[in-house]
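Enquirer: A single structure is presented below for examination.
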Ligand SMILES: N[C@H](CCC[C@H](N)C(=O)O)C(=O)O
């Protein structure tokens, strides 16, 4: 059995997308890792499967898997790509789809960009989650390597946002995994390093849980804006300047986080039967 896929990305954060709404598909961790492999597979940061849902007005359930096979409940860049795909298929200017974190709504924005309402941030220590009761505005237990205590934010997935003077100088490959796997984060965490440039602009680089350094992180950009506002560093709407480009994030007064940015469809293809049953191959 082979599977058609689409290769998409949001600012270089790339995805293999499979529409399994008519033929269910629940790949094993090994299959996901094999498909995500940049030499022997298609290569991607996240593997996205659209699953059938009977909920009225909801077009699909979006299953998110990191390159390491782990499942995540939010992926902002993939949400924009899936929102665009669903709108292209329906001919409508909006799409609603569900993730493990809740219901998302995508709409068209100007210049071919897509806006996704990523919902309300979760700010309580237990919602991040953190290992013990902690002030999420300054998580002291995570201090390491000269980096001041981060802000913890959950956007459906856990994030730790470190504010730094120079984002370019952060040794991501060295400190990323230390913080991702820090015992303060029982479900691990996505790690953002943010340099505030102005009240409406932040330079941010990211080490993603389950994927490592990526060109962009949509949920991480949302978490970064929320963290900056909580610290009084920016306005409630700002541009997040990532390695792969810029996202515009707004934390509205009625507690919704709106993310706007581009989407791209790079190519389509077909997974070989060997790749789809990678578990057999890797045994
Ligand atoms: N690595 C994330 C999932 C992908 C998030 C990112 N690609 C985005 O655009 O939000 C996690 O394990 O929570």
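Here the Cβ of each residue, glycine as well, is placed from N, Cα and C on the backbone.
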Enquirer: 157, 181: which one does TrEMBL list with 13, 46, 66, 76, 77, 190, 208, 209, 218, 219 for the substrate site?
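Expert: Looking at 157, 181, the one TrEMBL places in the substrate site next to 13, 46, 66, 76, 77, 190, 208, 209, 218, 219 is 157.
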Enquirer: Using a 10 Å radius around each Cβ and counting other Cβ atoms from all shown chains, which of the active-site residues 75, 217 yields the largest count?
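Expert: Within the set of active-site residues, the most crowded position is 217.
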Enquirer: From the centroid of the CB atoms of 13, 46, 66, 76, 77, 157, 190, 208, 209, 218, 219, the recorded substrate site, which same-chain residues not already listed sit within 8 A by their CB, in sequence order?
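Expert: Neighbours found: 45, 64, 72, 74, 75, 78, 206, 211, 214, 217, 220.
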Enquirer: Do you know which of the binding-site residues 13, 219 has the most other C-beta atoms within 10 angstroms of its C-beta?
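Expert: Top count of Cβ atoms within 10 Å goes to 219.
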